Amino acid sequence: MASTHQIYKLMIIAILFLSYTLTSLTENTELASVPQCKSGPHASFCNNNKESTKLKIIAIFSILVASIIGVSLPLFTQRVPALGPDRDLFVVVKALASGVILATGYMHVLPDSFYDLNSPCLPRNPWKKFPFTTFIAMLSALITLMVDSYAMSWHKKRMLKSQANVVETLESGSKELESKNGIIVADRKDDAKSQLIRHQVIAQVLELGIVVHSVVIGLAMGASDNKCTIRSLIAALCFHQLFEGMGLGGCILQAQYGKKTSWTMVFFFSVTTPLGIVLGMLLQTVYSPTSPTALIVVGVLNACSAGLLNYMALVDLLGADFLGPKLQGNMKLQTMAYVAVFLGAGGMSLMAKWA
């Protein structure tokens, strides 16, 4: 699918642009007097370059394995009848993963953006005089809605063009009833096709948002020398990638992509956080997390990612499922799904204590 390859090209360009920007970061001389804004190592029990490097290497492989397991699990379980996309268990597991994605946006990414864009290392004007985090997150959610809407409209327009001459070729007279039945069948096929396109758009947009914040998380870990922080982050990020991957994997499964596209999406999700860690390690000597440029770039990216993830979790994942016919027609299943959502969101919220 052409649009999928275009999205991956944009993702690669964004990552390269981010790495190029971060290599050119410089300290703001007006804020150099603020102690927490000074670059360079700080004397601390937790600051140990040798130990932190070992932990980063462990983190790269641990997070990679957790990511692969999480996003691949739904694709492998499709061969098990009890775990198919049309089964109740799949709905409950997807609700759990959707709760994790929702909490990721609200409890992890959004607070990080607030912290970055309200840092004392940034000038008071304009960063302290306007709520940039919520403004950017709002714009991100609206732009995601636009992409969602326009993508669906474009696909439907293409589908209607290909079927524009169907009704004109139907014969009248004695074949009228047969023609009507043909139209009903065609309408049902159109509905199924529209639903499939919807799932494909959701999977692509969701992966884009996940990739952005995964690179930022990995970059922050890779650039840190604090072994205490890294040690707690490893467990938290493994949990995060495992269940977030399950949510994305469920969307990929419902999108019914071919093997090449499906495994390409699995690959991008799995490697982005480890890639971010490696990038942070390479830029450790020139990258200062407290420099104004770094705070602005990372804060804006986190706000964009938060708006996208919150929109996707509430509208495309939770809203679409809970207001759909399957859950609306089964109160028991709906209750189980709500319990799963609260468990996923609660568990991921608890992780905010350490990461």
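Just so it is clear, glycine is given a Cβ too, placed from its N, Cα and C backbone atoms.
The feature transmembrane segment is assigned by TrEMBL to 7-25, 57-77, 89-110, 130-151, 201-221, 233-253, 265-287, 293-314, 335-354.
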Intrachain neighbours beyond the transmembrane segment (293-314), with Cβ under 8 angstroms and 6 or more residues off its ends: 18, 21-22, 24-26, 98, 101-102, 104-106, 109-110, 112-113, 115-117, 119, 121-122, 132-134, 136-141, 144-145, 202, 205-206, 208-210, 212-213, 216, 219-220, 287
Contact between the transmembrane segment (57-77) and the transmembrane segment (233-253) (at least 3 Cβ pairs under 8 Å, separation 6+): yes
Beyond the flanks of the transmembrane segment (265-287) by at least 6 residues, Cβ under 8 Å: 4, 8, 11, 15, 19, 22-23, 25, 53, 56, 59-61, 63-64, 67-68, 71-72, 75, 203, 207, 210-211, 214-225, 237, 241, 245, 248-249, 252, 257, 294
Listed stretch, out of 130-151, 201-221, 233-253, 335-354, that has the most CB pairs under 8 angstroms to the transmembrane segment (89-110): 335-354
For the transmembrane segment (130-151), sequence-distant contacts whose Cβ falls under 8 Å of one of its Cβ atoms, 6 or more beyond its ends: 3, 110, 113-114, 117-118, 201-202, 205, 209, 299-300, 303-308, 310-312, 315-316
Other parts of the chain folded back onto the transmembrane segment (201-221), taken as Cβ under 8 Å at six or more residues beyond its ends: 3-4, 7, 10-11, 14-15, 18, 22, 56, 59, 63, 101, 104, 109, 144, 147-148, 151-152, 155, 230, 233, 237, 241, 244, 247-248, 251-252, 254-255, 257, 265, 268-269, 272-280, 283, 287, 289, 298, 301-302, 304-306, 308-309, 312, 316-317, 320
Long-range neighbours of the transmembrane segment (233-253), counting only residues six or more past its ends (CB under 8 A): 55, 58-59, 62-63, 66-75, 78, 85, 90, 93-94, 96-98, 100-101, 104, 108, 199, 202-203, 206-207, 210, 214, 217, 221, 262, 265-266, 269-270, 273, 317, 344, 347-348, 351, 354-355
